[in-house]
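Structure first, commentary second.
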Amino acid sequence: MACQVGDGTVSSGLARIVGKCKTIGDKTRSSFLTLKHGEVRVTSQLNRNCKVLCNRNGTGDCRLSTSCRRNGLFIPPVVHRRNVRFIVARNQLSSDCGVDSSEVKESLCLEEDDANSRDRNGAAHWKELPHHHQQPVDVKRELLVLCAPAIAGQAIEPFAQLMETAYVGRLGALELASAGVSINIFNYISKVFNIPLLSVATSFVAEDIAKLAIEDPPSGSFDSLEGCPDCKLVARSSERKQLSSVSTALLLAVGIGLCEALALYFGSGIFLNIMGISPESSLRIPAQQFLSLRALGAPAVVLYLTLQGVFRGFKDTKTPVLCLGIGNLLAVCLFPILIYHFQLGATGAAISTVVSQYAIAFLMLWFLNKRALLLPPKFGALQFGVYMKSGGFLLGRTLSVLTTMTLGTSMAARQGAVAMAAHQICMQVWLAVSLLTDALAASSQAMIASSVSKGDYKTAKEVTGLALKIGLLTGIILFAILGSSFGSLATLFTKDADVLGIVRTGVLFVSATQPLNSLAFVFDGLHYGVSDFPYAACSMMAVGVVSSSFLLCAPSIWGLRGLWWGLSLFMGLRTAAGFARLVSKNGPWWFLHSNFQNTKVF
């Protein structure tokens with residue numbers, strides 16, 4: 001295996017191996033080779049940043065060969081994304097003893113000098129040199145394996161919220177409207193910091209795990225390396241990882257959650273005033289009581305949503321599903337007991353939800369503690385600066401999204417209790433079904449973050465195309481289903497004829513916007529995967545300004561229809577902004593416009 005970088009030559013090779021594997025060459029004193037059960041594990045320690053080379057043959061005989069003429073093995077390190085980046089060599093070697101030329105699979109990373117090719121810390125991105133014979137990654141299978149449980153997880157929580165809305169809606173339009181206003185305020189405040197934490201944690205944890213797998217591969221057992229499917233390098237399941245990205249996310253979640261709980265509990269009246277619910281309104285007292293109770297669950301919500309991001313970084317979407325399933329099942333069981341049996345009404349619904357939120361948070365912490373150390377050995381290992389920098393961009397983005405959505409709710413509340421109740425039903429269904437695509441976005445984000453951190457841009461390109469195709473198809477299917485069934489579905493939430501009459505006018509809004517919603521969520525996940533947080537924030541702020549301006553004017557002219565047209569405009573502009581970034585050849589998506597079919601060595 002030989003490659004030329006600039007005017008110099010970087011070579012690597014293995015000398016003849018006779019009998020037992022030995023350490024060879026003056027330049028490879030620290031290199032070692034281990035033969036176990038037909039597996040050969042070659043590690044160069046000339047530099048502590050070198051990666052592992054593996055080969056396995058079916059006969060147990062080894063034949064390691066190369067075209068290089070150097071003594072020993074030399075693998076030069078390059079800068080890894082965020083910290084360290086590596087050259088990765090993947091060899092497919094024949095099984096006869098001897099030393100001669102053989103097919104070699106290479107994946108090399110070269111520096112990209114473009115100013116746009118910089119990561120969040122200013123470190124240069126590195127391009128992958130494509131190759132002919134690399135074993136293709138089964139992108140479809142991995143994406144589906146990650147996405148299927150994530151879809152279930154995304155469906156569980158909205159289902160519980162729909163159940164809450166249905167139970168409260170049967171109490172009357174006043175209770176449903178007051179709960180709707182309170183829920184929107186709670187979602188705005190509790191998620192304003194959590195969404196950045198969830199998104200940033202997913203990317204950072206995925207990158208740290210990829211880096212750890214390269215820097216410190218576990219000894220003893222083996223899991224498969226990309227491009228070398230017969231090599232097994234299985235990490236010990238009992239080994240708990242020390243990841244500063246995990247500890248930082250958890251500490252930030254706890255602190256932010258406590259601040260949000262205090263703000264919601266003591267500032268409930270102020271928030272209701274902002275939403276247009278005056279002290280004289282019939283909605284004021286029930287809405288304030290509901291919001292004060294829901295405020296107690298804010299720390300748990302921020303924590304368990306952040307934990308979902310951490311698990312996504314581990315490429316584990318099954319554990320969150322289990323925890324969400326248990327917690328929300330508890331809430332569904334408590335709703336009729338507290339609302340009807342104990343006659344607590346909407347207050348019972350709020351208490352049920354808070355109990356389930358803490359159950360979910362504690363379950364996720366328990367599972368995470370089995371695979372990672374929750375706190376770092378020293379405070380200096382935390383990454384507050386990196387989180388705050390990237391999270392700051394997403395904070396602005398989240399504020400833009402939630403401000404636009406909350407403005408829509410506020411404009412609906414000004415239309416009266418009946419209009420607000422109808423809007424709440426439409427919004428719950430609209431968000432519940434469209435957020436299913438968020439599972440696809442989260443899975444794509446984790447895969448892209450992991451691939452890019454390893455310089456595997458070919459896989460990242462495949463994931464991007466596949467995610468967009470699945471997202472569009474999902475949106476079309478949801479459009480067909482909701483377009484034909486939403487009128488009947490609305491009767492599950494209320495029996496009020498006036499409310500149902502208004503709800504049926506929103507069928508087009510709820511159904512026709514699903515393709516746009518699906519693509520918008522997928523684009524978000526893709527941008528987060530390449531840590532393109534600045535663009536995600538700035539584009540969303542611009543979209544929010546345009547959409548909010550429309551929402552301020554349209555309802556006074558067209559009523560709720562104008563409000564729904566404004567929200568449709570918002571999702572359409574989000575999708576357009578995401579697409580515009582991908583077609584740009586100068587940003588972080590340069591690899592979408594590159595050909596990775598032929599290996600090029602410079």
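Every residue, even glycine, has its Cβ placed from backbone N, Cα and C.
Look at TrEMBL and you will find 246-267 (among others) tagged as transmembrane segment.
Beyond the ends of the transmembrane segment (287-307), by six or more residues, the same chain brings 178-179, 181-183, 185-186, 189-191, 193-195, 197-198, 201, 249-250, 252-254, 256-258, 260-261, 264-265, 268-269, 271-272, 277, 320, 323, 346-347, 349-351, 353-354, 357-358, 360-361, 364-365, 368 to within a C-beta distance below 8 angstroms of the stretch. Residues or ranges marked as transmembrane segment by TrEMBL: 287-307 (among others).
Feature annotation from TrEMBL assigns transmembrane segment to 319-342 (among others).
According to TrEMBL, the feature transmembrane segment maps to 348-368 (among others).
Residues 143, 147, 162, 165-166, 169, 176, 425, 428-429, 433-434, 436-437, 440-441, 500, 503-504, 506-507, 510-512, 514-519, 521-522 of the same chain lie 6+ residues outside the transmembrane segment (470-493) yet bring a C-beta within less than 8 angstroms of a C-beta in it. Positions annotated as transmembrane segment by TrEMBL: 470-493 (among others).
With a threshold of 8 Å between CB atoms, the same-chain residues lying at least 6 positions outside the transmembrane segment (535-558) that come near it are 393-397, 400-401, 403-404, 407-408, 411-412, 414-415, 524, 527-528, 565-567, 569-570, 573-574, 577-578, 581, 587. Marked as transmembrane segment by TrEMBL: 535-558 (among others).
According to TrEMBL, the transmembrane segment annotation covers 564-583 (among others).
If you look at the transmembrane segment (319-342), the same-chain residues 6 or more away from its ends with a CB under 8 A from one of its CBs are 149-150, 152-153, 156-157, 159-160, 163-164, 167-168, 171, 304, 307-308, 311-312, 348-349, 351-353, 355-357, 359-360, 363-364, 367.
Sequence-remote contacts of a segment are chain residues at least 6 beyond its ends whose Cβ falls under 8 Å from one of its Cβ atoms, and for the transmembrane segment (564-583) they are 404-405, 408, 426, 464, 506, 509, 512-513, 516-517, 519-520, 522-524, 526-527, 532, 535, 539-540, 542-544, 546-547, 550-551, 554-555, 558, 589, 592.
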